[in-house]
Amino acid sequence: MCPLWLLAALLALSQALPFEQKAFWDFTLDDGLPMLNDEEASGAETTSGIPDLDSLPPTYSAMCPFGCHCHLRVVQCSDLGLKAVPKEISPDTTLLDLQNNDISELRKDDFKGLQHLYALVLVNNKISKIHEKAFSPLRKLQKLYISKNHLVEIPPNLPSSLVELRIHDNRIRKVPKGVFSGLRNMNCIEMGGNPLENSGFEPGAFDGLKLNYLRISEAKLTGIPKDLPETLNELHLDHNKIQAIELEDLLRYSKLYRLGLGHNQIRMIENGSLSFLPTLRELHLDNNKLSRVPAGLPDLKLLQVVYLHTNNITKVGVNDFCPVGFGVKRAYYNGISLFNNPVPYWEVQPATFRCVTDRLAIQFGNYKK
């Protein structure tokens, strides 16, 4: 457990670069998931970082739940075997950490009076029931981490101020239309590790959202879901059962710059599919069943990283990665992985990688027979 003085000190340093875990927020996640900068929030008026503590009322230092650690406006009640949300939480609390307990239900008045709460951590409890008004008092809540619980549905009536929702590793099978209604500031949703199938997403389930980041990994998807927010910059669908990428699958995601499709069963990527991703910088297709390098990579002028290791690729053509000729303007690759494929790497022509910054950026080897 982090010392409380360290938690408080790191609170001020939590404005990390986009999609990188930094300092304070590391303690809330144990699965290496990337963290979003508050400046990525789609509603500029919502925040530019951690709330201004000086603008809040004086701290109620005498109020601290039994067994918890309270300092500044951080209340840490993790790893205490709690069965319910504790009482006597200071009304000026901005971060409440309740992870690693035995809480099974969130009741109507559990968070009453916590109108300044910015982040709520409920990871790794036994929550299966949430009152429809449980989050009503949390008018300034921006980060809700409720992963690794027993939820079978996305909680109703989430605060309209919410920017980031981590709800992975639950038992959710359905995302109904309207469940995210009114969440115009939502920027990041992590919902992997749920038994979601393609049929579990109702048409219009993501209507109104302007997400930057979405992860639905380790689910039961057999294809790229339709009608995801077209504002996405990052989409991670790794560890699913996707078998093919068809022409129309990526049509609406022209703003993507990172696409994760590793650890699926992809055998075919239809020609022209990748042409809808003009801003793509990073493509993960490792651990699939591809027999050739996908067509269209040379036309992605911003693409810099391609993971193709652990597939069934038998041949790499001289124009598979780079445009024909040397005068075509494009970003240089700084990472291409092709190891663990049945391609004789000694037969690949050196000119194949003429648009790579450094030969060390090319990962061959581990020849797979």
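Yeah, the Cβs are placed from backbone N, Cα and C, and that goes for glycine too.
What Swiss-Prot annotates here:
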type     : residues      : note
DISULFID : Cys64-Cys70   : disulfide bond
DISULFID : Cys68-Cys77   : disulfide bond
DISULFID : Cys322-Cys355 : disulfide bond
CARBOHYD : Asn271        : N-linked glycosylation site
CARBOHYD : Asn312        : N-linked glycosylation site
REPEAT   : 104-127       : repeat 'LRR 2'
REPEAT   : 267-290       : repeat 'LRR 9'
REPEAT   : 291-313       : repeat 'LRR 10'
REPEAT   : 314-343       : repeat 'LRR 11'
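Taking the features listed in Swiss-Prot, we show where each one sits on the structure.
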{"residue": "Cys64", "record": "disulfide bond", "Cβ contacts under 8 Å, 6 or more apart": "Cys70, Val75, Glu88, Ser90"}
{"residue": "Cys68", "record": "disulfide bond", "Cβ contacts under 8 Å, 6 or more apart": "Val75, Gln76, Cys77, Leu80, Pro86"}
{"residue": "Asn271", "record": "N-linked glycosylation site", "Cβ contacts under 8 Å, 6 or more apart": "Leu247, Ala295, Gly296"}
{"residue": "Asn312", "record": "N-linked glycosylation site", "Cβ contacts under 8 Å, 6 or more apart": "Lys289, Leu290, Ser291, Asn341, Pro342"}
{"residue": "Cys322", "record": "disulfide bond", "Cβ contacts under 8 Å, 6 or more apart": "Pro298, Arg330, Thr352, Phe353, Arg354, Cys355, Val356"}
Chain residues outside the repeat 'LRR 9' (267-290) and at least six past its termini with a C-beta under 8 angstroms from it: 238, 243-247, 249-261, 296-297, 299-313, 331, 337
Cβ-Cβ neighbours of Cys355 (disulfide bond) (radius 10 Å): 17
Other CB atoms, at most 10 A from the CB of Cys77 (disulfide bond): 24
Rounded mean pLDDT for the residues that make up the repeat 'LRR 9' (267-290): 97
Where Cys70 (disulfide bond) sits in the secondary structure, as DSSP reduces it to three classes: strand
